[in-house]
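S.K.: As annotated in TrEMBL:
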- 191: active site, proton acceptor (ACT_SITE)
- 11, 12, 32, 33, 48, 105, 140, 255, 279, 281: NADPH binding site (BINDING)
- 105, 136, 138, 191, 244, 254, 255, 256: sn-glycerol 3-phosphate binding site (BINDING)
- 105, 255, 256: substrate binding site (BINDING)
- 140, 255: NAD(+) binding site (BINDING)
- 3-157: domain 'Glycerol-3-phosphate dehydrogenase NAD-dependent N-terminal' (DOMAIN)
- 180-317: domain 'Glycerol-3-phosphate dehydrogenase NAD-dependent C-terminal' (DOMAIN)
Ligand SMILES: NC(=O)C1=CN([C@@H]2O[C@H](COP(=O)(O)OP(=O)(O)OC[C@H]3O[C@@H](n4cnc5c(N)ncnc54)[C@H](OP(=O)(O)O)[C@@H]3O)[C@@H](O)[C@H]2O)C=CC1
Ligand SMILES: O=C(CO)COP(=O)(O)O
């Protein structure tokens, strides 16, 4: 039986443990608090994934050394804002040969780095060869119930991605591989901004037309930023791109969408985040992407308006009016004929 360590004991960490455990893996979750570890060891993570009986191969502990000791793979299931801190604390106990899987979807706000870049800074460039991002349309509430789900394991090194594909793949959890780490990371992080936006539109009681428009034009601006940072055009039409955008913008499981709905209904950002009770990654990512767009010289009008609503007290309704009142545009030219995408598609 292989041992797998999971850093974090929230909803996604627990659901992924539930995927790994029946495959003859002993899965140990690192909780911050003893009370949560005790709850999980009781057989159900009632705080983060209620109603799911946990597999007996799953346990939880607050002792990092104990959790990481002898682990063949380490899955980071904590929010982006604490990834560096948890990584630095973990590194002394991680076997240099272990594969590191990160499932967080966000950027480091203070540096605007992707999380693989944070990993490389702390663990070294060589260690990136065993670093894999697992992303795609997947809510913990459904994965916990073995509802069919497809994801993508991305790494600059295909053998590492294939290892993670084998590690996680089950009859209800299908994993593809992709070598475009940049595109997969950006797709997963940036769709949360658009989910906040579609949530806001729902909270304002706009219709399906508005939501479809926001998703489509949201994907256009995600793609534009991604191409400027070296991502592959095609990744954005895959599971980590449009796939994740669809699930996050349409599902009531989405924390980002639910937060947006509350803002659209008139709650403050703080009240809306508080009401969700779990991490709402899109809030920090909006600020990060806003700065990234400026740095890259890329137009991201939806991100700009969501930034204004979240951080500059702009009314959501004015944000929608600003988007609708923009100058006339060609739909596709900016992406299809951009220098970068032509290079990628050649
Ligand atoms: N939930 C989902 O369906 C999916 C989530 N993701 C991504 O996975 C990541 C985790 O999300 P999710 O599981 O939903 O989050 P949750 O809010 O459910 O759980 C967060 C976990 O991280 C811990 N944590 C929070 N802040 C800190 C900190 N400062 N230092 C150390 N540990 C901390 C929490 O501990 P404590 O309980 O002590 O606060 C908890 O164990 C996010 O990046 C999210 O985008 C990706 C795909 C699906
Ligand atoms: O990334 C996710 C689904 O793929 C989770 O999105 P939320 O954080 O909005 O729930």
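The chain as shown is numbered from 1 upward.
In case you wondered, yes, glycine gets a Cβ from its N, Cα and C as well.
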S.K.: Do you know offhand how many angstrom separate residue 32 (NADPH binding site) and residue 105 (sn-glycerol 3-phosphate binding site) by C-alpha?
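M.R.: Distance (Cα to Cα, whole Å): 20 Å.
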S.K.: Whole-number Å only: compute the distance from the Cα of residue 279 (NADPH binding site) to the Cα of residue 138 (sn-glycerol 3-phosphate binding site).
M.R.: 15
S.K.: So, in DSSP terms, is residue 256 (sn-glycerol 3-phosphate binding site) helix, strand, or coil?
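M.R.: In three-state terms, residue 256 (sn-glycerol 3-phosphate binding site) counts as helix.
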S.K.: By the count of other Cβ atoms within 10 Å, pick out the sparsest of the recorded positions 32, 105, 191, 255.
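M.R.: Looking at the recorded positions 32, 105, 191, 255, the Cβ with the fewest others within 10 Å is that of 32.
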S.K.: Near ligand 1, meaning Cβ under 6 Å from any of its atoms: which of the recorded positions 136, 191, 254, 256 fit that description?
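M.R.: Cβ < 6 Å from ligand 1: none of the recorded positions.
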S.K.: Using C-alpha atoms only, work out the spacing between residue 105 (sn-glycerol 3-phosphate binding site) and residue 140 (NADPH binding site) and round it to an integer in Å.
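M.R.: Cα-Cα, rounded: 14 Å.
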S.K.: Would you mind sorting out which recorded positions among 32, 48, 191, 255 put a C-beta under 6 angstroms from ligand 2?
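M.R.: Among the recorded positions listed, those whose Cβ sits under 6 Å from ligand 2 are 255.
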S.K.: Near residue 140 (NADPH binding site), how many other Cβ atoms are within 10 Å of its Cβ?
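M.R.: The answer is 23 other Cβ atoms.
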S.K.: What same-chain residues, at least 6 away in sequence, bring their CB to under 8 Å of the CB of residue 138 (sn-glycerol 3-phosphate binding site)?
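M.R.: Sequence-distant Cβ neighbours: 149, 151, 244, 247.
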S.K.: Could you state the whole-number distance in Å separating the C-alpha atoms of residue 136 (sn-glycerol 3-phosphate binding site) and residue 48 (NADPH binding site)?
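M.R.: Distance (Cα to Cα, whole Å): 20 Å.
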S.K.: For residue 48 (NADPH binding site) and residue 191 (active site, proton acceptor), what Cα-Cα distance in Å is obtained after rounding to a whole number?
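M.R.: For residue 48 (NADPH binding site) versus residue 191 (active site, proton acceptor), the Cα atoms are 22 Å apart.
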S.K.: Out of 11, 255, 256, which of these binding-site residues is nearest residue 191 (active site, proton acceptor) by C-alpha distance?
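M.R.: Smallest Cα separation from residue 191 (active site, proton acceptor) among 11, 255, 256: 256.
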S.K.: For the domain 'Glycerol-3-phosphate dehydrogenase NAD-dependent C-terminal' (180-317), DSSP counts of helix, strand and coil?
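M.R.: Counting residues by DSSP class gives 108 helix, 0 strand, 30 coil.
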